[in-house]
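First up is the structure itself, then whatever we jot down about it.
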Amino acid sequence: MWICSFEEKIRREKQLWEKGVTTPFFRAEEKGGSIAREILSVSSSKGKIVLWCTPDLWNMSALVCARLLNAAGKEIVLGVFPNNGDIPREWRSSLRLLRKQGIKDIFFLDKASLRKRFVEACKGAEMLVGFFVGGWNKRKEYTSLLEWALRCFPLLIGIEVPLGYPESVIPTHEVWSLDFFVEDILDLPYRPWVEKRKLLSSFLLSSFYEEACAHSFVSTPSEVAFLVKQRPLEGHKGSFGRLLVIGGSEVYPGAMILAGRAALQSGCGLVTVSSDTRLAIDEPQLTYLPFTQDRALSILEAYLQRLSTSAILVGNGWGDDPSHGELLRFLLTQPYVKRLIIDADGLNLLARSPLLWDTLKKQQQQQPKEIILTPHVGEMVRLLRISSDDFRQKRKMYTLQLAQELQAVIVQKDATTLIVTPDGEVWYSLYGNTALSKGGSGDILAGLIGGLVASGYTTKDAALVGCFLLGRAAELWTQTYPPESATPSGILSFIAEAWKELYERKKLVQNLF
């Protein structure tokens, strides 16, 4: 599903007005009608509704909404926040019409006396619907009204963005978006302020926004289901690829096993884990390639030449042994290593070694491989050599830069996961919850993605499907158990159910077409 920034959404709609594709009044009717219908569907029959907004052409839909709700028998209180006392001519004429139609409680909230009357008129209201009120949010009187709203209204709804956007945001129960979501509510700093997102249709053709949204998307279950590959009935284990997982250490012996187990549940036909002979591997579902430190390269090279390996995942629980640098450099430069997923300590090794970093960049310029990097925020800032605060403020920009510099797909893990491709596509994956906030979750994700790549998915599709499977499994866990009780193995046990949902949705999508 396409997305773009809030500012870009406003800019694009104004361009449509200028080109004559639509008019502010026609769009106001479309948007206001959609919002009014949704309000009627979620409110009680006699509940009082409070609308507040700034008087600009973008928010003419607030007046349409007020008119339609009034016609449906709703009691309406309308609070208008003039920017510097300026009320557009179109607004003045529309407000006069609303008064003639019986809406009496209209307040221009630029005077203290009117603000007091507005608060009095709002008593007993069941919801407040806020249309963008930018410009007021730096003013002390607006901040006090926001604090009052937070205390008094059982349901706070923001149109497109949370109440108080951008500087004085307050917790907003629901944000309703018209036609597609805006990026601002999908990631920090605004996502934590939005309890629930809802998409409404105002019947605007999506092609009008195609240019603005061509490279930014939010991953939906239906889109992910559409990516699921058909498994041939005559297929056998060799039909679905072989993944080699290189990792493990005496300190982190379980990370590699978790990744291997996850890879098996991705649909991959054969999964081999490879680590130092000192580690005891007790997992009958996985095959094992042991090595000693002094013979790691020769053993690995012989294995890769003897057996066709579809993809390699490296780094899970690998530890900080500097001798691993030679092995990673070998994987980056060997022509028969076509697909490589680098996670965890493999990323830390890249961050510490300028030689490895330069080797990766040079390789991708001369003989590019299909590479996926899966950093969390800590690993990302080490790769970029910047502060965590700097990265979070410009997360999308930095992730795009890294994907383009390394010609790799970046899966930047966080509460909202970013999947960024070298050609500039940005996907927001919103699945999951705090059940994943434990060591080992990233190893499961890396194993899922690695297994999907090995079984034939493109790097982008593997990232999208893998993020859905892990996130949805965590959501399914919390439908039965509290998030505090989650373990990586427990989450892994719900992957099958997440796959089942994807197949059911895929069947539904296919039936529609």
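Cβ from N, Cα, C; glycine included.
Residues within less than 8 Å, Cβ to Cβ, of ALA255 ((6S)-NADPHX binding site) and separated from it by at least 6 positions along the same chain comprise GLY247, GLY248, ASN316, GLY317, ALA344, GLY440, ASP443. In the three-state DSSP scheme, ALA255 ((6S)-NADPHX binding site) is classed as helix. Sequence annotations record features per position, and here TrEMBL assigns (6S)-NADPHX binding site to ALA255, GLY317, HIS376, ASP443.
Among the features that TrEMBL reports, AMP binding site is placed at LYS413, ASP414, ALA415, THR416, THR417, GLY442. Cβ neighbours within 10 Å of THR416 (AMP binding site), excluding its own Cβ and spanning all shown chains: 17. THR416 (AMP binding site) falls within neither a helix nor a strand when secondary structure is assigned with DSSP, and so counts as coil.
Per-residue pLDDT, averaged along the domain 'YjeF C-terminal' (220-502), amounts to 94 for this model. Per TrEMBL, the feature domain 'YjeF C-terminal' maps to 220-502.
Put plainly, the binding-site residues ASP414, ASP443 were compared by Cβ crowding within 10 Å, and the winner is ASP443. Neighbour density at the Cβ, taken as the number of other Cβ atoms within 10 Å, is lowest among the binding-site residues GLY317, ALA415 for ALA415. The secondary structure of HIS376 ((6S)-NADPHX binding site), as reduced to three states from DSSP, is extended strand. The binding-site residues listed here (LYS413, ASP414, THR416, THR417, GLY442) include LYS413, ASP414, THR417, GLY442 as those with a Cα within 10 A of the Cα of HIS376 ((6S)-NADPHX binding site).
One way to see the shell of the (6S)-NADPHX site is to take the Cβ centroid of ALA255, GLY317, HIS376, ASP443; the remaining same-chain residues with a Cβ within 8 Å of it are GLY247, TYR252, LEU258, ALA259, GLY315, ASN316, ASP343, ALA344, ASP345, GLY439, GLY440, GLY442, ALA446.
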